[in-house]
């Protein structure tokens, strides 16, 4: 049969087919219905939400409702529900403009009321809850607000006294002024003590004079500086009569009410970024900028009219530590925001895996749901268990922060450093896995996971590089260890009380029931932490005996320091999950939490080579 005849026959057969009522059968992967609309739940999801969000649920829902009501937040109806999400396809300039429009909308509706002028635990929890909702919508918007309220406003609260509070806080809350936070420099980020901006005092005029003496001293990555901020907190070395008194914080105006840059100040844009383009990061130079003596934030130290240095804290190290207080609140919000980002990406990827089908097991059988593949479960479910565990850890961090006392300052610093590093690392790993688990659909900005990767990547760096923060955690643990040894007294801080008990013994054979036992799980985590702390202290001591300084000995022992920081963080997270589980009555919800806790603990055992490297577990178990 020649080819023309063959084609004619094929077309004829096709056209002459008897009519069928439904010639095409729908493929199940084409239709979409969110699993939660049809699948039964074995536990009360509303009660689980109460555990995860922990506080101010009505305030959160109110703010979500405000967003749905405005076109500024791009509301879109699908499946009978309203969704909001940013438009990441806009230019950098458009994203920055939209961020300010959204702030104005929220300001007009009282969202920021009391964020700086109300005091107490309830006021702080409401502020944190609303900020978390904003972060769920758009990280750029959340960061822009965090710089203004937490960094600028928090500095005035922490470092200022009544005169500063009265003058600046209300205007900050009402956005009559727009603040930014100029700590980082081109040459110094994590090493704040080494910043190069210099401030001298002119006793003849009663003014401070701020200078950028070299290019590496330019303030860099300052959120809000490029376009919108009118004022900034300047962290600078304070020189008095030729003596350097260390880093202090000053208020300086950088723009007038009309947006014009003030004299003797130069500002440049940091430009387009891989994410967070709704935040106008800028660079600032100061050329003999004069500010009133009263613009020194003086809760830690002051300068008299005649130029005398006044401080109740005589130790320069303690004074410097006091100036890092605002970073703690930022680390708290960063850690919490990272977990909400993980929740969003997992919700998207798991929903996708419950609707998308691929391949069939038998020649004529139905295609298999992605989540029914064990390999897909191994990709997503461990991350889900970790995210649940870290959600409780983030709530624990918030609670100790809002109920802080001077006695808890070290605990808050160490826990916030550990959780900021651990939770942001986890978020980036989760985002990458979820993006891949969505296949080609994950490449669309509409999917959100790809843009979230760019938006949240910076969390591993700002407010303290994660590796540096983990070293701070290990150094703090080492300090507790040395102090306990010198005093010959038991450990009483940072959750190290388990060091006072006999060393846990891990069974040689691990049964399924043993592996799911909370006692075994905590014993394994405590054993790892106490052994790593002992090893770290011993290694640092040995290096010191060989003539190295303590600081350099710690640097050389970086591997043990990193392992110890991870062990501390994992053990603390497990404890917060156990505490949450203990607070739930017997029933299906408690059973789910127990399963998640066992998944979290066993995943940590599997992923950390230290358990085998140092013999806490053997391959024969």
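Placed from the backbone N, Cα and C atoms, the Cβ positions cover glycine too.
TrEMBL does not curate its annotations; it predicts them automatically.
Taken from TrEMBL, the feature domain 'Acyl-CoA oxidase/dehydrogenase middle' covers 180-289.
For residue 223 (FAD binding site), other Cβ atoms within 10 Å of its Cβ number 25. Residues or ranges marked as FAD binding site in TrEMBL: 223.
According to TrEMBL, the domain 'Acyl-CoA oxidase C-alpha1' annotation covers 327-478. Taken as a whole, the domain 'Acyl-CoA oxidase C-alpha1' (327-478) shows an average pLDDT of 93 in this prediction.
Remark: residue 463 (active site, proton acceptor) has 327, 330, 331, 334, 420 as non-local neighbours, by Cβ distance under 8 Å and separation of at least 6 in sequence. Sequence annotations record features per position, and here TrEMBL assigns active site, proton acceptor to 463.
The feature domain 'Acyl-CoA oxidase C-terminal' is assigned by TrEMBL to 521-620.
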The domain 'Acyl-CoA oxidase C-terminal' (521-620), counted residue by residue under DSSP: helix, strand, coil: 81 helix, 0 strand, 19 coil
